[in-house]
Amino acid sequence: MTNIRKTHPLMKILNDAFIDLPTPPNISSWWNFGSLLGLCLIMQILTGLFLAMHYTPDTSTAFSSVAHICRDVNYGWFIRYLHANGASMFFICLYAHIGRGLYYGSYMFQETWNIGVLLLLAVMATAFVGYVLPWGQMSFWGATVITNLLSAIPYIGTTLVEWIWGGFSVDKATLTRFFAFHFILPFIITALAAVHLLFLHETGSNNPTGIPSNMDMIPFHPYYTIKDILGALLLILTLLALTLFTPDLLGDPDNYTPANPLSTPAHIKPEWYFLFAYAILRSIPNKLGGVLALLLSILVLIFIPMLQTSKQRSMMFRPFSQLLFWTLIADLLTLTWIGGQPVEHPYIIVGQLASILYFLLILVLMPTAGLIENKLLKW
């Protein structure tokens, strides 16, 4: 008798995706982040659902409802901080996942990569609208500053901003629609993630060497299920440590002050995972130029498959490209640090240099290194 998991229409899909999936035998722990992102997404949807049961998306009660969740709801404080720090874990996994893709040339699976970029944008949008919901000072001013960037669009800018606000400033209408977006987007992300997996399973996984491994594959279960469980346990352990010992480590103290349109915080800054893009935005003294640089800092990922000049897919055997890759990581860390600093000397010039280097590395230096490495190998 044939096993039910191979015949039942639903079980067959799960079987082909998580059990009998042929997988390269040499993929490292850098390939764990995909499953960890799935875990983060499930966790965020569940904690978010329980928070939504007690939260009220109204300017007069939003801040109080969050305080009520933390004080009066059973384990409400735990759910709230799991959700807030879960977002940070989500972005750590996301950036590691993208970094892995860049290093090992996974972007050569173009459909998978492009849907991945869409996923990144959707997660960033979700995190942004979610940060507005507690209606603290940083929520309000963050929403005001970022939505205001759209006014830089010629001709339709101002109308567009007022349309998004639902009025002439960030107010009740804005909060209500942001709550609606924050609720619906994770389900759109789930659907996109399923399509992301669908395209990945059309080609099979890449591996550290970048060489096709079709002739040497192993089943996903038990080898990689056990490996993913280990990764999941480490993720949960880290998240619990963060949530139970230092829940406010990554947050902003200003968000414990209720939103006040009449008082601007000394330093308006987003959550840590947006600081690199915020630094690029601030490094250009022109509003429209800054907005375009901000957009391009993320959308540049779409062009990466077109910028592949090397005849080798992975960076595993390419020392020049490796050096530039780690320079890019250091540059992104520098931008993240600059994004959290006030706009004054020497931070301004450091931010401008780091922004120039970011685009220079991706668009010029890395493709050039690929060509040089081809020459050195006489290819």
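From the backbone N, Cα and C atoms, a Cβ is placed for every residue, glycine too.
Computed from a predicted structure; not experimentally measured.
Per Swiss-Prot, the features are:
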- 33-53: transmembrane segment (TRANSMEM)
- 77-98: transmembrane segment (TRANSMEM)
- HIS83, HIS182: heme b b562 binding site (BINDING)
- HIS97, HIS196: heme b b566 binding site (BINDING)
- 113-133: transmembrane segment (TRANSMEM)
- 178-198: transmembrane segment (TRANSMEM)
- HIS201: ubiquinone binding site (BINDING)
- 226-246: transmembrane segment (TRANSMEM)
- 288-308: transmembrane segment (TRANSMEM)
- 320-340: transmembrane segment (TRANSMEM)
- 347-367: transmembrane segment (TRANSMEM)
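Locations of recorded Swiss-Prot features on the structure.
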residue	record	contacts (Cβ under 8 Å, 6+ apart)
HIS83	heme b b562 binding site	GLN44, THR47, GLY48, LEU51
HIS97	heme b b566 binding site	PHE33, GLY34, LEU37
HIS182	heme b b562 binding site	GLY48, THR126, VAL129, GLY130, LEU133
HIS196	heme b b566 binding site	THR112, ILE115, GLY116, LEU119
HIS201	ubiquinone binding site	ASP16, ALA17, LEU21
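The transmembrane segment (226-246) and the transmembrane segment (113-133) are not in contact, since fewer than 3 Cβ pairs between them lie under 8 Å (pairs 6 or more apart in sequence). Counting residues 6+ beyond its ends, the transmembrane segment (320-340) has Cβ neighbours under 8 Å at 99, 102-103, 269-270, 272, 274-280, 282, 310, 347, 350-351, 354-355, 357-358, 361-362, 365-366, 369-370, 372-373 in the same chain. Listed by sequence, the residues of this chain that lie at least six past the ends of the transmembrane segment (113-133) yet keep a Cβ under 8 A from its Cβ atoms are 55, 57, 62, 66, 87, 90-91, 94, 98, 101, 106-107, 139-140, 142-143, 146, 170, 174-175, 178-179, 181-182, 185-186, 188-189, 192-193, 195-196, 199, 270-271, 273-274, 298-299, 301-302, 304-305.
Sequence-remote contacts of a segment are chain residues at least 6 beyond its ends whose Cβ falls under 8 Å from one of its Cβ atoms, and for the transmembrane segment (77-98) they are 30, 33-34, 36-37, 40-41, 43-44, 47-48, 50-51, 66, 69-71, 116, 120, 123, 127, 130, 235, 238-239, 242-243, 247, 250-251, 271-273, 301.
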